[in-house]
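Taken straight from Swiss-Prot:
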COILED    7-38  coiled coil
COMPBIAS  26-36  compositional bias 'Basic and acidic residues'
COMPBIAS  71-85  compositional bias 'Polar residues'
MOD_RES   Ser42  phosphoserine
REGION    26-85  region 'Disordered'
Amino acid sequence: MLRRKPTRLELKLDDIEEFENIRKDLEARKKQKEDVEGVGTSDGEGAAGLSSDPKSREQMINDRIGYKPQLKTNNRTSQFGNFEF
């Protein structure tokens, strides 16, 4: 394997300005999106997100990610299928 000297990266003023502009733009979009969502959740759903009830919080997370939990039954057919013993 050939050894080579590390590549030098230079941070220029233009790069910093571009980064700041992009960051401000993203923050403005995020704030605008939060404002729109805040107005749209007047049915009390926004308050449910702040509640301390762990079940409702868990349910909100499950709904958001699309997870639908299945109840597990503790019988032999669910564990081993339809095998004959």
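Each residue, glycine too, has its Cβ placed from N, Cα and C.
Taken together, the residues in the coiled coil (7-38) have a mean pLDDT of 91 on the 0 to 100 scale. Broken down with DSSP, the compositional bias 'Basic and acidic residues' (26-36) shows 11 helix, 0 strand, 0 coil.
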